[in-house]
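Right, one structure below, let's go through it.
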Amino acid sequence: MALLIITALVFSSLWSSVSPDAQGDALFALRSSLRASPEQLSDWNQNQVDPCTWSQVICDDKKHVTSVTLSYMNFSSGTLSSGIGILTTLKTLTLKGNGIMGGIPESIGNLSSLTSLDLEDNHLTDRIPSTLGNLKNLQFLTLSRNNLNGSIPDSLTGLSKLINILLDSNNLSGEIPQSLFKIPKYNFTANNLSCGGTFPQPCVTESSPSGDSSSRKTGIIAGVVSGIAVILLGFFFFFFCKDKHKGYKRDVFVDVAGEVDRRIAFGQLRRFAWRELQLATDEFSEKNVLGQGGFGKVYKGLLSDGTKVAVKRLTDFERPGGDEAFQREVEMISVAVHRNLLRLIGFCTTQTERLLVYPFMQNLSVAYCLREIKPGDPVLDWFRRKQIALGAARGLEYLHEHCNPKIIHRDVKAANVLLDEDFEAVVGDFGLAKLVDVRRTNVTTQVRGTMGHIAPECISTGKSSEKTDVFGYGIMLLELVTGQRAIDFSRLEEEDDVLLLDHVKKLEREKRLEDIVDKKLDEDYIKEEVEMMIQVALLCTQAAPEERPAMSEVVRMLEGEGLAERWEEWQNLEVTRQEEFQRLQRRFDWGEDSINNQDAIELSGGR
């Protein structure tokens, strides 16, 4: 009997969650069905058991896949794999803008944890599967701009948590279930649909943001009795319903003749009210300031539901295109989803303000943990510093090589690498340069960044590229090793090297490793690993941008692949440079001596 109970428990645990193998197989099947090229999703390896390290994939702490975001990847007219139904822990599935053909598989109804489904801007055909009605946790459903046909399934009326349904620009026909008009945000335009009910009518501007079906029916009945009564009752119900729903305005899309509504859907991005963030931050009190950078101040906030957030109040935000341009760029940032990137959860815009809302990071930033911890707090140990270096590198690699268009950070430093409750590195402040650079081209001509972290070419030309991020990352590695600031004038008391980079280079040449490493580590580190991190940092901070490695190569070197060869090349080049510098120095000294020895009359020339 005991054996039977144990067996039952084992089987129940197996069925309660999906194994990493099965998750990986399902995702790889999706990659194949989408017809991804060898260059696309190249790290989705069928032989790799754990898909949680794959790009565009996010997992929870139990290694369950919770998010897959593949937006505008330009796949080659693939289809949706029915095997995706295995991913029962999936909460977010975004596949918009990929030219996907065929129908939506029935198995998608097995994704019982799904809260957001975005298949916008593809070539999907056939009917909307009725199995979508099984997704009881679904809040956001976006199927806009496809070729879907047939009627809207009645099963969607059972989705009680749905707050956003966008079905516009398809070939749908028939009646729209009346209960869907109670959803806060909907768009059924550019279809062959009618509003349904006892009195069919097209979905036009008569659809009211604040009325309901019963009030409309009452108005019609009253109209039979008397035309005057219709007007009176109409006014009565209008003001009654307006007052009743004053606290919650529904966002409704309707057809307007000769005009297209340009408002943008943001999936899970939340649009906050200014007053809500003002209250959350205690009127943007200085005591709640977490930090200040080139893009504005960051405030700690507490929402009314108890959620802790970080609110970034942008400066210099005005740019051509106004609110819509800002929103489009905010959406671009929100699409960059990776475990080592700070997730944007919402935004706020007013005539004079632009604010971004992020989750609050429990352990603040790398800079804080290195230099600002309180007495008695644990020191950031060497193992965590290694993990932070690798995590930040992976986040930047994703921005440079997996985002379309790619995102250049422009201010990589220890203060912009945040740490969650598990001390996992989360790169913040990415994508903000485009939001705040006033009337600039795609190549930023205004120097953005922090002294000591800015690459030489950025100072001389004002232009940024992926390689300026690599330089900033290299300086951050030196901060992790030394615990020191990138620029520190107190060093002038003992030496001429104000910049951390020059200071470390000098000590490295003199083989004084013990003087480089952070004294707080108390010699509790592995010497070879410290040397490796310093080598990667110096390769990243070479003066010529073309000689710096790409972030993908940095990741490989930190994982122990290819560093020895690259370091040997750098050392040989450095020897040549030193010899050339000494030769020029001797020539300069000789010339200076010659001038000093000349007669003053010769120097002044003829009179």
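Note: Cβ is positioned from N, Cα and C throughout, glycine not excepted.
According to Swiss-Prot, the listed position annotated as N-linked glycosylation site out of Asn192, Asn442 is Asn192.
Of Asn187, Asn363, the one with N-linked glycosylation site in Swiss-Prot is Asn187, while the others lack that note in the record, though it may still apply to them.
Take the Cα of Thr307 (phosphothreonine) and measure to each of the recorded positions Thr281, Ser365, Asp411, Thr450, Ser460: the nearest one is Thr281. Look at Ser365 (phosphoserine): DSSP puts it in a strand. Cβ neighbour count for Thr307 (phosphothreonine): 13 (other Cβ atoms within 10 Å of its Cβ, all protein chains included). Relative to Asp411 (active site, proton acceptor), the modified residues with Cα atoms inside 10 Å are Thr450, the candidates having been Ser365, Thr450, Thr541. For the pair Ser365 (phosphoserine) and Thr450 (phosphothreonine), the Cα-Cα distance reads 16 Å. Every protein chain considered, the tally of other Cβ atoms within 10 Å of the Cβ of Thr461 (phosphothreonine) stands at 12. According to DSSP, the repeat 'LRR 4' (160-183) comprises 5 helix, 8 strand, 11 coil. Of the listed modified residues Thr281, Ser365, Thr450, the Cβ environment within 10 Å is emptiest of other Cβ atoms at Thr450.
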